[in-house]
Each structure stands twice: as structure tokens, then as C-alpha cells.
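Below is one structure, written out as C-alpha cells, with a few remarks after it.
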Amino acid sequence: MNSSTKIALVITLLDAMGIGLIMPVLPTLLREFIASEDIANHFGVLLALYALMQVIFAPWLGKMSDRFGRRPVLLLSLIGASLDYLLLAFSSALWMLYLGRLLSGITGATGAVAASVIADTTSASQRVKWFGWLGASFGLGLIAGPIIGGFAGEISPHSPFFIAALLNIVTFLVVMFWFRETKNTRDNTDTEVGVETQSNSVYITLFKTMPILLIIYFSAQLIGQIPATVWVLFTENRFGWNSMMVGFSLAGLGLLHSVFQAFVAGRIATKWGEKTAVLLGFIADSSAFAFLAFISEGWLVFPVLILLAGGGIALPALQGVMSIQTKSHQQGALQGLLVSLTNATGVIGPLLFAVIYNHSLPIWDGWIWIIGLAFYCIIILLSMTFMLTPQAQGSKQETSA
């Protein structure tokens, strides 16, 4: 682990803060250009537009970081984000908001490249720990960002966008002057490697190498959209919670989630292996879903938050397993693909689970959790079956970082 690893964590923290900063004020900014009854539709489209661009372009940018190095792609992404936020800050028409989100989604590769830096600079046995820290950094940024954005929004709905632009400019300077390249692009002079980094064959290779792991990853991310989609609706309906109680619960979940990813995921993976960490995370999440389906008292939600947060150890461990099985010249492509899959669930999940919750609500508001639990049972069985094979035992395959 070197200074570039730590800088990758800082980049992720600041990137998440920038995303979180604008969320509280984006509806207010929209109100300057459109009628109130149209705000929800445009807000949803703007969020979906960013996610859709990430689905399309994150794999390509990840592959470019394999070909040209992590540093130039990071700098490109940070420039794109800075321009996006400045465009939003100075926006005087609706099309400027759409253009800004479009550009940010296209150039937003910081998450994939930061994960690639972790893969480049850490040993196989320590990778889950650092992927956990990466997830925790993003989570803390998403907690701090909306708080800062909420206060800054009291001054002007444009203020948080200036702050977000400043954060990205600062991060750009950090990468420019202190970040050392972690990808040896001289590896790409090998004919086979060079062809792969310049074509889409790398994705075919990844899908052939670990199809079940990618399916498990996508499915787990998709199920994770259930609480993200229905939490406010469910807690208001069953427990009569107001916005303050919902806010407390979400803040508590975010904080606990970061703690588990930072301090628990790596310890479990080191002591008992990545497979155990993945399974324990899925079991914790599925147990939380089972409790949420049946509890009738609001205070019982808070102990369940510990189980939900405990589920946060699964994906860093799974990401570690996949990274260990991936060659060094494919790490950027893998991390870009994972970002793409994650954002795809962010587009599909809210649409799918909002419809399911709405249609099942007249019968019973717990059905959404039972459906999620059923999917988790399938994922757990897949994980136990596939990850018992020797090649999935990442901790036993020490590869050079």
C-alpha cells in the first residue's frame, strides 16, 4: 500500500461529497425553470440520465485506464465533473442542467479508477480490507455531502454546485501533483495484452472467466435497491414515521454501513476468507429483510439496521474475489464493468420495486421484503455452490499487485 492508495480513498470521499451536496437543492434549482408539478419527473430523469451514461461509458473509461494509465483518466473525470458542477452553478435554462448531468455521467470514472488503484497497489490478502475502506469513504461522503449541501442551499440553490466544483478542482490538483501512476502501461506492449486493451474482447474474457460471480454481484446490487426505493414509503406506512425519523434512520444506516465496510469486512476476509465474508454479508441482509417484513413496532427497526449494515461486507469481499481472479491489465475494465452494473441496478431497481411495492401494498406491505428475501436465498445458494470451487478462494491465490 502506498500514498496513491490513500489518495484513492480521498478522491472517493470527495467525489461522493460532491454527489451528495447537490441532492438537497436540485429540486429547488429545477423550480427556477419549470412548474412545480413537473419537478418530480425532471428530477427522476436527471438522476436516471447520469446513471445511464455511467452504464454506457464506465466500462470504456475503465478499459482506457488499463491502456493509458489511471492518472490521465482520473484527471479527465475530475475535469468533466468540475465543468458539470460549474455549468449547473451558472445554469439559466433547463437544457443546461441536462447537459451538465450528461457530461458528468460520461466522464464520471473516478469510482472505477479508484477501485483499480486499490487493485494495483494492494496484495490479494489485503484487497477486501481496502475495498471495504473504499466503500466506507464513499458512504461517508454521501452522509457529509447532503448535510453541507442543505446548509449551503439556504444561501442559494446555486451555492452547493460551486462547492462541489471546488471539491473536484482540489481533487484534480491533488491527483496532478501528488498521485503516482499505479498502472504499468508498458505491459500493454505485449501483443495479446495490447489488442485486448484496445478492443472489447476484455469484457468477453471477464464474462467467460467469472459469469456466476458477475451475476451474483448484479443481483445483490439489484436487491440492495429495495430499501433504497421503498424505505421512506414503508416506514411512513407501517410505523407512521415523519421525515425526521426517516432521516435519522437513513443517517444511522449510512454510518453503520461505513463502519462495517471499513473495520469488519477486511477482518473477516483475513481471518476466515473472502467466501465467508460474502456469505455472512448476504445472510445478514436476508435476515434484516425477514425481520422488516414482520416487525410491527418502529423502535425495532433500529436493531435491524445493524443487520442491514452488516450486509455491507458482502460486496467488498465479492469485489475482492473478482479482482484477485483478474489479470493486472484487466483491472480497470473489471472495475468499470462493476460500476456499469451497479448503475444499471440504479436505473432498473427503483422502477421495478416501486411498482411491486405499489401493487402489493393493498394486500400486505411486507411482500416487498419477502420477495427480496427469496432472491437472497437464491444468491446464497449460488454463492455456496460456486464459491466452494478452488478458483474462488481468492485469499489462497496471492497475486502480485
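Count begins at 1; order follows the chain as displayed.
Glycine too: its Cβ is placed from the backbone N, Cα and C atoms.
Straight from Swiss-Prot, the features:
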- 1-6: topological domain 'Cytoplasmic' (TOPO_DOM)
- 7-30: transmembrane segment (TRANSMEM)
- 31-42: topological domain 'Periplasmic' (TOPO_DOM)
- 43-61: transmembrane segment (TRANSMEM)
- 62-71: topological domain 'Cytoplasmic' (TOPO_DOM)
- 72-91: transmembrane segment (TRANSMEM)
- 92-98: topological domain 'Periplasmic' (TOPO_DOM)
- 99-119: transmembrane segment (TRANSMEM)
- 120-129: topological domain 'Cytoplasmic' (TOPO_DOM)
- 130-152: transmembrane segment (TRANSMEM)
- 153-158: topological domain 'Periplasmic' (TOPO_DOM)
- 159-178: transmembrane segment (TRANSMEM)
- 179-211: topological domain 'Cytoplasmic' (TOPO_DOM)
- 212-232: transmembrane segment (TRANSMEM)
- 233-243: topological domain 'Periplasmic' (TOPO_DOM)
- 244-265: transmembrane segment (TRANSMEM)
- 266-275: topological domain 'Cytoplasmic' (TOPO_DOM)
- 276-295: transmembrane segment (TRANSMEM)
- 299-322: transmembrane segment (TRANSMEM)
- 323-332: topological domain 'Cytoplasmic' (TOPO_DOM)
- 333-356: transmembrane segment (TRANSMEM)
- 357-365: topological domain 'Periplasmic' (TOPO_DOM)
- 366-387: transmembrane segment (TRANSMEM)
- 388-401: topological domain 'Cytoplasmic' (TOPO_DOM)
(message) Using Cβ atoms and a strict cutoff of less than 8 Å, what residues sit near the topological domain 'Cytoplasmic' (1-6) while being 6 or more residues removed from its termini?
(response) 117-118, 120-122, 126, 130, 178-182
(request) Mind looking up the mean pLDDT for the topological domain 'Periplasmic' (357-365) in the predicted model? (result) 93
(message) Counting only residues 6 or more past its boundaries, what in the same chain has a CB within less than 8 Å of a CB in the transmembrane segment (43-61)?
(response) 26-27, 30, 73, 76-77, 97-98, 101-102, 104-109, 111-113, 203, 333, 336-337, 339-340, 343-344, 346-347
(message) Could you check whether the transmembrane segment (7-30) and the transmembrane segment (99-119) come into contact, where contact means at least 3 Cβ pairs under 8 Å with the two residues of each pair 6 or more apart in sequence?
(response) yes
(message) Using a cut-off of under 8 Å between C-beta atoms, tell me which stretch among 159-178, 244-265, 276-295, 299-322 contacts the transmembrane segment (130-152) the most.
(response) 244-265
(request) With Cβ distances under 8 Å as the criterion, find the stretch in 72-91, 159-178, 276-295, 299-322, 333-356 that has the most pairs with the transmembrane segment (99-119). (result) 72-91
(message) Need a quick answer: max count of Cβ pairs under 8 Å to the transmembrane segment (366-387), which of 72-91, 212-232, 333-356 is it?
(response) 212-232
(request) Determine whether the transmembrane segment (212-232) and the transmembrane segment (244-265) share at least three Cβ pairs under 8 Å, counting only pairs 6 or more apart in sequence. (result) yes
(message) Please list the DSSP helix, strand and coil residue counts for the topological domain 'Periplasmic' (92-98).
(response) 5 helix, 0 strand, 2 coil
